[in-house]
Amino acid sequence: MKLVILLVVVSAMLVLGGAQTASQFYCGDFLARTMSILCWPDMPKRSGSQYAGYGWPWLPPFSSSRGKRGIVDECCYRPCTTDVLKLYCDKQITI
């Protein structure tokens, strides 16, 4: 009986531990929300109307944060982990 309980606990740890490091595709709104949760978990959500006046011609260009590849190259076109996403938290994000 103790062996069965031990096997169940070890199996649960493996399943839960593997879920945290699994690679996944992060694109569009899902990428933005995930970055928001990872980088700024305590920030309150803002409404979209605050950004209505901002658009492409007025936004400054971003510099590369990890060479020529950006977060979309690493996590939208190819699967990546949350550990890779966290590398972009303190940097300007390139699309």
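Residue numbering: from 1, along the chain as shown.
The backbone N, Cα and C atoms fix where each Cβ goes, and this holds for glycine too.
Small disclaimer: the values here were computed from a predicted structure and weren't measured.
The record in Swiss-Prot pairs Cys80 in a disulfide bond with Cys75, which is drawn from Cys75, Cys89. DSSP classifies Cys80 (disulfide bond) as strand under the three-state reduction.
Of all the disulfide-bonded residues listed (Cys75, Cys80), Cys80 has the fewest other CB atoms within 10 A of its CB.
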